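Asks: The structure follows.
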Amino acid sequence: MSIQPYPTSSWGHGRIAIDRSNSDESSLPEFEAFDSVTPRAPTTQTISVLGVDMHAADNKRLHNTSKYKNSNLIVRRNNEFFITISFNKPFNNQQDNVQIELLIGSSPDVNKGTYIILSIGIEKITGGWKSRVVEARGNNVTVGITPDASCIIGRFRTFVVIVSDFGKQRTQRNPDTDFYVLFNPWDPADQVYMPRETDRQEYVMNDVGVIYNGEFNNITTRSWNFGQFEEGVLDACLLALDAGKVPILYRGNAIEIVRQGSALMNSQDDDGVLVGNWSGDYSIGTAPTAWTGSPEILLKYARESCVPVCFAQCWVFAGVLNTFMRCLGIPARVITNYCSAHDNTGNLKTDIVLDEDGKVDRSRTRDSVWNYHCWNEVYMKRLDLPEKFSGWQVVDCTPQEISDGLYRCGPTSVNAIKEGELSYPFDAKFVFAELNSDVIYRQSDKYGNSKIISVDTAYVGKLIVTKRVNSNAYEDITSTYKYPEGSDKDKQTMQNAERRGVPTRDYLPVAEAGVDIELQADTIKIGDNFKLKMNIKNQTSQTCTVSATLTGSAMYYTGVTSMTFKLENKTAMVKPWNTTNLMVDVQAVDYMPYLVDQANLLFVVNGRIEETGVSLSTMRVVTLRPPELTIKVSGTPRVGKDLLVIISFRNPHNFILKKVQLRLDAPGLITTRMKSYEQILPGGSVQYTETITPQTPGKKVLIGCLDCAALRQVTNQLEINVV
């Protein structure tokens, strides 16, 4: 099932307009006369409104929204909030007819939930929203208002209306009485209800996180400022919905918000927030590796009238989408899938094509395995699916494939992926392929004919991680997506997937070699020489002779290779039930000229057992570590006291670093700061200092990032405790 295009209703030769903007308004008359009487202003005896107090600070504490740096009231669905109306005389609920009107968008409509009318006087009005008089004291009346559990989220306008025999007298338009309604993961009636408070604190309230990258056996981290509470971020998130023309009518449905958010974060087919770029040339924007958080991006997007921000790759897309979700009240987390397949042909096979010499044929290899790929999970009830498929849902805004006409992916149930139940919406087959494709090594001859020489069913989807609750360590969540490789449950999942349209594994079983090749490497810094260990393990009763060709290439983290810098042939005789270790010397002078973003090297081995003619292949990514960025503070961080932050860096390389950007981010302390350096000479150092005055106590994170064309991914973070 897929969401249908937004409806338009025919009316004669025209159409009924659908309200698609929270920021657009319609003006209501201050006095609205009833048709049955001659219009005139209310008499002097009628009660009138002198003012409305939204009690923003008190209500925010009750609604878990105090952290938002926004002077207006922010509430959550199905949770009562209180306002006080001041009249010119005491309120009499038996005589006075007083209404509260709440409007969103430019075409308010009671039937569409965009025009809410509540009564606190003699007239009784029923509806999803509730109101009651809590207290009447003197000329002041305190009213409790409870938004409907499934109401539209966004910014509402507030009017108090005195209804007389002659008409309606409204209060003037006052932006100070506007308020925001968000999803409510604290309430069991809400679609995004999350039962455990520790989970809510992590997945809704935590404004800084850790995104994991690197490779599966050499995991690296970078802190990310989600910054969902920063000034202007909530308005920027609502503006993104407006820019994407998402009908206000649908903004109460978390599934719709998530699906549209997936499309709105990329600009591939609309004016979404971020422009994806994997070319290596970021000269007209900011390199994806240079960002430290979402607020800088979202505020730039809002400030520049929804012009897409340049540039992003998967972890930036995921970081910004995480902010968008948490800001609106939807529990969300960033996921990293190591060895993530990008299967261009959609056949659950990732084809690596080798030439006659065993070298990777770049021109014929269209599929790729990303070192890692970041997406998001959101937590919600899937009211459109069987109950067992509620909970965590995959959503991915990195533009890879078109879904229902737009570049987006999800939400799709994690539980459904694990069981191979791929007929449920949305985009389950694509996510399943990212996790379960087989790596097929093919060897082609000079005429373009190819044959399968080996298959690796376990390489893709090796490890899936996310930040652990209340910890910076990662949590291995692979078992939530996959059963153990080769288990009966795993086979059943594949059978389910095939019944639901995934192509069968129709290639012939490849002969078992009985010999495994494994590549090993230590943690290596950029610019170091190192040794790559090739372990050849003979698990047969016969001595075997293995001839192997090793190809070394510089590689983007997406698995796309740039230049080959090494080609070496090795031969080893391995005794029965024994392992032989071969060493391959890798020189910096060979690979340094070809390094691309994130400094990845891909080594592919194609081997042949001389005695049997059976082929065997494997590959290994080595991610080189960048030099260190140091962050220090002077003294003990205290509220109201200046704190000196010092970031320092030394260029250890023998080449000049040009056009260097250095960012400092400190969620809850300062907005993003950036310092530019025209160049840093070999052996040269830079030091950047910033004075911060903490306003609130608690744990804070300082995030630093240095970036230039010749050196990416230089990051560090320092956790401090403000007392």
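Keep in mind that glycine also has a Cβ here, set from the backbone N, Cα and C atoms.
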Asks: When TrEMBL marks a stretch as region 'Disordered', which of 1-26, 53-78, 469-494 is it?
Replies: 1-26
Asks: Given a 10 Å Cβ-Cβ cut-off, pick out the one of the active-site residues Cys314, His373, Asp396 that has the most other Cβ atoms nearby.
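Replies: By the 10 Å Cβ neighbour count, Asp396 comes out on top.
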Asks: Please work out the mean pLDDT for the residues of the domain 'Transglutaminase-like' (306-399).
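Replies: A mean pLDDT of 92 is what the predicted model shows over the domain 'Transglutaminase-like' (306-399).
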Asks: For the C-alpha pair, I'd like the distance in angstrom between Asp396 (active site) and His373 (active site), rounded off.
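Replies: With distance taken Cα to Cα, His373 (active site) is 10 Å from Asp396 (active site).
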Asks: C-alpha of His373 (active site) to C-alpha of Cys314 (active site): distance in Å?
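Replies: Between the alpha carbons of His373 (active site) and Cys314 (active site) there are 6 Å.
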Asks: DSSP-wise, what's the residue breakdown of the domain 'Transglutaminase-like' (306-399) into helix, strand and coil?
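Replies: Across the domain 'Transglutaminase-like' (306-399), the residues distribute as 18 helix, 41 strand, 35 coil.
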